Every structure is written in C-alpha cells, then in structure tokens.
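The structure under discussion appears below in the form of structure tokens.
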Amino acid sequence: YFIFIQDFSKAMSQAGSSQFQEVIRQELEYSMKVELDKILATAHSNEIEHTKKDLEGFKKLFHRFLQEKGPSVDWGKIQRPPEDSIQPYEKIKARGLPDNIASVLNKLVVVKLNGGLGTSMGCKGPKSLIGVRNENTFLDLTVQQIEHLNKSYNTDVPLVLMNSFNTDDDTKKILQKYSHSRVKIYTFNQSRYPRINKETLLPIAKDVSYSGENTECWYPPGHGDIYASFYNSGLLDNLIAEGKEYIFVSNIDNLGATVDLYILNHLMNPPNGKRCEFVMEVTNKTRADVKGGTLTQYENKLRLVEIAQVPKAHVDEFKSVSKFKIFNTNNLWIALSAIKRLQEKNAIDMEIIVNPKTLDGGLNVIQLETAVGAAIKSFENSLGINVPRSRFLPVKTTSDLLLVMSNLYSLNAGSLTMSEKREFPTVPLVKLGSSFTKVQDYLRRFESIPDMLELDHLTVSGDVTFGKNVSLKGTVIIIANHGDRIDIPAGALLENKIVSGNLRILDH
C-alpha cells in the first residue's frame, strides 16, 4: 500500500511538472506571438507580405524549439548505413556517359549558397566576392565553370544564388558584370528571422528595420531554409515549368563543388530504373574533419547526424575516424518535384540547431537554424556517394586561401585541379597564425605565393613576411616570438626547417 502511494504521488508530480512545462510553453509562445505582431505592425505596405512569411516560418521553428529537449538522436538507434546506400564514386564513374549528355544537363540547375559574409576573414560584404585566384572571386569562378559547360555542350544550365539580407544588395550590383555571359543567373533571398534574448526568449528587435543599430537583431536561419525560401520565391515552380528536374546545391566557398556529369547521369538514368530524390556527396574523414556531420542509418532511413545532436557521452565515439569514416561535403543533388511535394505537405523535417551568440554590447542571444542536408531523411530513395577528396575544397580561412592560390592547383575554365607535378594527392597541412587572419594582412605578408609543390606541413606564427619566389618543402615551421620579426628573403628555399628568433631583411 505504501509503495502504491509513493508511485502514485511520483506519477502525479511528474504529470504536474509536464503540465507545468506545458503551461510555460504556451505562455512563451503567446508572448512571442505578441512581440512578433508588434514588429509586423511597423512594416511598410510593400514589406508586409514577405515579413509576414518570414515571421510565420520563425514561429513554426520556435514552436518546435520549445517542444524538443536534449540531443535529438537516440544513440542506441544509430547504425552503420547498409553497404549499397553509400556508393563509391568509382562505381558511378565506371558507367560512363551517354551520347545525349546535353539533354541530361538541360535538366539541371546549379544552386550556390551565398548568404555568408567574409567577416571571419576580415572582409566586409559577401564572402563570394573575395578574390581567390588571379583576381577571380568565388562568384567569378562559379560563373566561368557554368559558362564553360554551356558552351562545351550547347546547353542552358542556369545559376541560382540563395542570398541573405546581408549579401543581396552587394551581390546584385556585381551580377551586372555577367550580363553578357552565357549563364542565366537568378537570385532569391533566404528568410530573415529575429534573434532572441537567451534569458527571456523574446526577440530583441523592436521593429522590422535591419540597418544601423538594428543589424544585430536579425539573422539568416542557416541553409536548411532553402526549401521554404526557394518554394516561396516562385522560382522553384518556374524552373519546373521550364523542364528542370534536379538542383545541385553547394556552398559557394567550396571550390571543389563543380558539376559532375557522372553523378548527374546516375540520377537521370539510374541503373535500377528507380530515381533518387536526394544524393549527398560524402568523402573520407581525415583527422581534420572530426567535427563534420556523418551519414548513418536511423529508423530505416539515411540520416545526417551532426556533432551538436550527439549526447555528450558519445562525442568522442562520433569523432572517431574508425567508426564513422565519412562526412558530409554539403554537395547535394535534389529532385525539384520532391522539394515541391514535401514543401506543400509541410513534410520536410530538419533538426533545429541552436546557435548561441554574444552581441557587441555583451547581450547573449540565440538563433535557431537548420541545415540543408538534415532533410535527407524526408526524401525517398536517398543515396550517399563517396567522392574523392578533391570535391571538397572549402576556403574558410586564409590558410585555405594560401593553398588554392598556390602552384598546388592549376586553374582551367573556373575549375581548380591539383597540379600533376605534385607527387602525392593529399594537400599539405597549413596553419597560419593570427597575424594572417585578415585577407588584407595575409596579402601584405606575401610578396608572391611560395612554391608549395613539395610541402607537407607549414606552421607560421607571429610577425613573419615572405619575399618573392620562396620555396617551401617538407615540414617548415616559422615562429617569430612576441616583439620579433622574421622576413624570409626573396628566393629562399626552406626544406624541413624550423626558423625562430629575429630575422630582418633590410632594403639597401
């Protein structure tokens, strides 16, 4: 009897706490609705429609955020994907190409994620406008690649840029310079969502404006927003009406993400006759990629698992290169008709990423985001393709920039390929210190980019500059301690060297 009473009171208190949590949730949602209505009331008549859509989308995301607690995967259910669900690229390439590759290409649209700013590399404006090779920007190289395709095969592959409110104006100004290129370029904007105060869970914005001191009140909610924004822009329907069937989506800063005809052919002419609605390019992990999202089998579906979703006790296991051998490159091939179908049914399910930020004034906020690849589980007949590492060449830092500017790569029609003169196919490990973080500082420190064909590892720290025609081979470590400066003289050859101390080359 006593045990029964204990169990009953425990059950009641649990019910009470879940009821209490439900009441709090409802109050938070109501308060959020009141605040969002106030913000909407400040919109001009020409802004009301799209602001309303943005805030409706945010409300849905906020509702889900309040419902979900803790890591979103049950670690016990994670399994290795079945053998045939991740195909080796070699197998897909071995099928060759059909004679009518042009008709296959005409069904394709290239979409680049262009919402990011170059702030992490010390640049103002869109990241896609940073010069990466021979004065060419990420955007220049993208346009050159697609123009080359269209000229070579007499096709009409368009380029679509998903901009954010941060990048839209600057990007549109630049697009005028491509008006005579053989590429149709379209843009649409991802949503604009309000950042919320970490303590109160209410928006910090008081009105719809996002200039001046209000710039920090708003954010673009991650690339998972592509499905809703693409659909809402009307562009998705227009492209379907033109006979387009697949999009190839990638980050604009991944210089390895070029259109691959073998993968496209596999999508359009599947060997078993059943088309894939979603293909994710994955590649083998190295020690540098331990945080990348990985493909797993979960509840009989392929599922992307990101490090943020992993329970703390299993993070080391997730990072292990032996258990999870591959990671997501974010190069994705998706059927347009499937996006339309799922979007209309509100059936695209992506985990929420809670991204905490501290604003300049010290206020702690959170922004709710989603990732495009997380939707893989919502599509039918999904597939992973294990591609060569060369299809993943992101430029996130000036260390990456040094690699792509060097003679390790040659540039042809907008595409970078590893130089045949490099004897092994891996890229050297490059770590440039904080004096090189900003692009303008980095450029000032190299009179010309060193010869790196035989380099394995480069670490540079402190106040270091490089003269013209320097060659680096093997492992090179250059450390200028605080207050010291090292000038590597023009024409120097450094092979398996550690340089430290003070070395000034004075002009005579």
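Just so you know, glycine gets a Cβ as well, placed from its N, Cα and C.
Feature annotations, reproduced from TrEMBL:
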BINDING   Lys127, Gln190, Gly222, Asp253, Lys396  UTP binding site
BINDING   His223  substrate binding site
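What TrEMBL annotates, mapped onto the structure for a quick look.
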| residue | record | contacts (Cβ under 8 Å, 6+ apart) |
| --- | --- | --- |
| Lys127 | UTP binding site | Gly116, Leu117, Gly118, Met121, Phe138, Thr167, Ile252, Asp253 |
| Gln190 | UTP binding site | Gly115, Met162, Asn163, Ser164, Pro220, Pro221, His223, Asp225, Ile226, Ser229 |
| Gly222 | UTP binding site | Ile353, Asn355, Glu369, Thr370, Ala371 |
| Lys396 | UTP binding site | Ser120, Asp253 |
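Largest Cα to Cα distance within the recorded UTP binders Lys127, Gln190, Gly222, Asp253, Lys396: about 21 Å as a whole number. Using a 10 Å radius centred on the Cβ of His223 (substrate binding site) and all shown protein chains, the other Cβ atoms total 24. Its own atom aside, the Cβ of Asp253 (UTP binding site) has 22 Cβ atoms within 10 angstroms in the protein chains shown.
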